[in-house]
Amino acid sequence: MFTGLVEAIGVVKDVQGTIDNGFAMKIEAPQILDDCHTGDSIAVNGTCLTVTDFDRYHFTVGIAPESLRLTNLGQCKAGDPVNLERAVLSSTRMGGHFVQGHVDTVAEIVEKKQDGEAIDFTFRPRDPFVLKYIVYKGYIALDGTSLTITHVDDSTFSIMMISYTQSKVIMAKKNVGDLVNVEVDQIGKYTEKLVEAHIADWIKKTQA
């Protein structure tokens, strides 16, 4: 579990293919490795990954084929920056929202414009089904960053990034055409499942 508050920006040092068609990615991030252990969970661009090796300055994670299909991590190469967040502790302040690190899809930046010191981004998701879980003023995690929806329609959604956040995450430097990882707020998914089950149960009872 994560909060969507990025702790550090790491730098990809190496990416190697693995025999299971996945990747092994080595990331430089000494600022978050003081209490690192093999098996720890770290969100990389919002994707929950497991630490397989580490030293004082770097850690390595394995990226499964499913994660490569659903995320933008397959585009990462040596020198690229990535958002990083360690899994929450019981003492962690929940300053963002509950983020699982299970990316639903990617979205393309279709508009980026300055609004005073803030930046307005508009995105088109690759898989439109996620739009039903996105609501005005609701939460969304983009590349692991907890953000608030400012607009949503039948094909796109928008957020505003304040100047403070711009200096803490990688998305501020992304441009039109770039991809971001999308994880919608889980509350919508749970609500949908409960409602569907309730309706199905009601139909069975009325037809009995």
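Quick reminder: no glycine exception, Cβ is built from N, Cα and C everywhere.
For reference, Swiss-Prot has these:
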- G4, L5, V6, S146, L147, T148, M160, M161, I162, S163, Y164, T165: 2,4-dihydroxypteridine 1 binding site (BINDING)
- C48, L49, T50, G62, I63, A64, P65, E66, S67, G101, H102, V103, K137: 2,4-dihydroxypteridine 2 binding site (BINDING)
- 1-97: repeat 'Lumazine-binding 1' (REPEAT)
- 98-195: repeat 'Lumazine-binding 2' (REPEAT)
Task = Only counting partners 6 or more residues apart, tell me which same-chain residues put their Cβ under 8 Å from the Cβ of I162 (2,4-dihydroxypteridine 1 binding site).
result = E117, A118
L147 (2,4-dihydroxypteridine 1 binding site): nearby binding-site residues from C48, P65, K137, Cα cut-off 10 Å = K137
Key: I63 (2,4-dihydroxypteridine 2 binding site): nearby binding-site residues from G4, V6, M160, Y164, Cα cut-off 10 Å   = none
Request  = Rank the binding-site residues V6, C48, I63, L147, M160 by the number of other Cβ atoms within 10 Å of each Cβ, and give the residue at the low end.
outcome  = M160
Note = So P65 (2,4-dihydroxypteridine 2 binding site), by the Cβ count within 10 Å over all chains shown, scores 13
Euclidean distance between Cα atoms of M160 (2,4-dihydroxypteridine 1 binding site) and C48 (2,4-dihydroxypteridine 2 binding site), Å = 25
Query = If you measure every Cα to Cα pair among G4, L5, V6, S146, L147, T148, M160, M161, I162, S163, Y164, T165, the residues listed for 2,4-dihydroxypteridine 1, what is the largest value in Å?
reply = 17
